[in-house]
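Residues or ranges marked as domain 'Lipoyl-binding' in TrEMBL: B:18-100. What TrEMBL lists as N6-lipoyllysine is B:Lys59.
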Amino acid sequence: MSPTSPRVFMAEPESQDLKQTPLYARHVAAGGRMVAFGGYALPVQYPPGIMAEHKWTREHAGLFDVSHMGPCFLMLNERSGDADRDHAAIAAVLEPLVCGDIAGLPPGKIRYTLLLNEGGGIEDDLMVARPPTGKEGGLFIVVNAATKDVDFARMSEAAGQVARLQRADRGALLALQGPEAAAVLARLVPETADLAFMEYGLYDWNGIGLSVSRSGYTGEDGFEIRCYAEHAETLWDALLADDRVKPIGLGARDSLRLEAGLPLYGHDLDLTTSPVEADLGFAISKRRREAADFPGAARILAERSEGPKRKRVGLIVEGAPAREGAAILDADGAPIGIVTSGGFAPTLGKAIALGFVPPDFAQAETVLQVSVRGRPQPARVVPTPFVPHRYHRKTA
Amino acid sequence: MTTKFTPDHEYIRIEGDTGIVGITQFAQEQLGDIVFIELPAIGKVLKKGDEAAVVESVKAASEIYAPVSGTVSEVNAALSTEPGLVNADPEAGGWMFKLTLADVTETETLLDDAAYADLTK
């Protein structure tokens, strides 16, 4: 049999100098199978395994260590004291790099946006939060682990003399996800119940400062919680003391996000993929579109009106899972595209994939094929998410 | 009846000139939940080390190699509807395929119980 454990998660060479998160000892003690990911040693799974961990998260609450991600603060060097003016000033630093409306973010709200290059390709996808009222003049930003050094350098350069970028990736970032996440967190910090999806707040928990976003990467309701490294184990233990919560590894994190139809940077998105191709047009705000003032606007706006050359689609695959790199074929067997993420969906009990095909083949229910180990297997285009999102949206 | 092992974690249980092939307890633990198994065609002639089957877990595909040379005489059809048998009972109900051995002496090159146990210690 080949391979055994290391390639079971995304291939990455074994390395002696892997970084550890503040929760490394907890993962090892819990029997986590540690693998290299984004330069960090992280658990791909715990003893129950990916399938059980995945299902637990969909039914209860899963706790993930995502401290390898890239949180940072972009802060004005000098604040005027006027909240709106300060926010406008810091938004003006970031906006030239992204396609989102950062200036229009209300206090305590989060926006998903994209760092773009001049060719209209995606440099990274990221979350940007405007701090709650009274803490203006900065932005809280979380970028991907594998791209964080490049992203931080880009944002620092854009900050010039006006602002500064402060990395916050030495601390801990935990994700608590699942239908019981809100009840669990409310037991520790009752005020978090007031947050709606894509809202952000700062809280005190027994003297420990927590920054909490109601967001995540599983399609479930849940939170991403940041604290200083020295408090990480205390918070981890307190959350796990609730028997609705179990620790979940990177393997289930990936199968959960795939079912939720959420793209993964470096796999479904890269420097050549445009937001229109990637079906992330919602991330281009109306104001920015009308002003055409973001990197790669010429290509992206042309694709919006004339259609892109390829489009990201969801596929349900019959038979063996089609993994990243598998060819997508039309009904006659001609190659038309490529799978960028694929695997088994524990919630659906079948194989699913994300991939790119020409727009003529992107309609739901289009019958296609995927080539797995040189043999064609039936596949059909389906709308994403594969499993409905269950975010806690505020009702007006 | 003896059982021999490969360093790649396949086992072969030898009954006369037939070998029953699957993966070990250690291997199934390493792979995690198995969701799909591709078995060889009956009648397929395999040389020692040829790719014989593919086991898919949630995350990844792993190849299963022929421990020795032979011809596929039977496959475990139950695995097509219940691949999890390999997790639950790898060395009995979760067997994968039977080989009519080309050369029984080839099995002597494989690991015995003690040597395999040593490898996975």
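Here the Cβ of each residue, glycine as well, is placed from N, Cα and C on the backbone.
Shown in sequence order, B:Gly32 are the residues of the chain, 6+ apart in sequence, with a C-beta less than 8 angstroms from the C-beta of B:Lys59 (N6-lipoyllysine). Taken through DSSP, the domain 'Lipoyl-binding' (B:18-100) splits into 15 helix, 35 strand, 33 coil.
In this model, the domain 'Lipoyl-binding' (B:18-100) carries an average pLDDT of 96.
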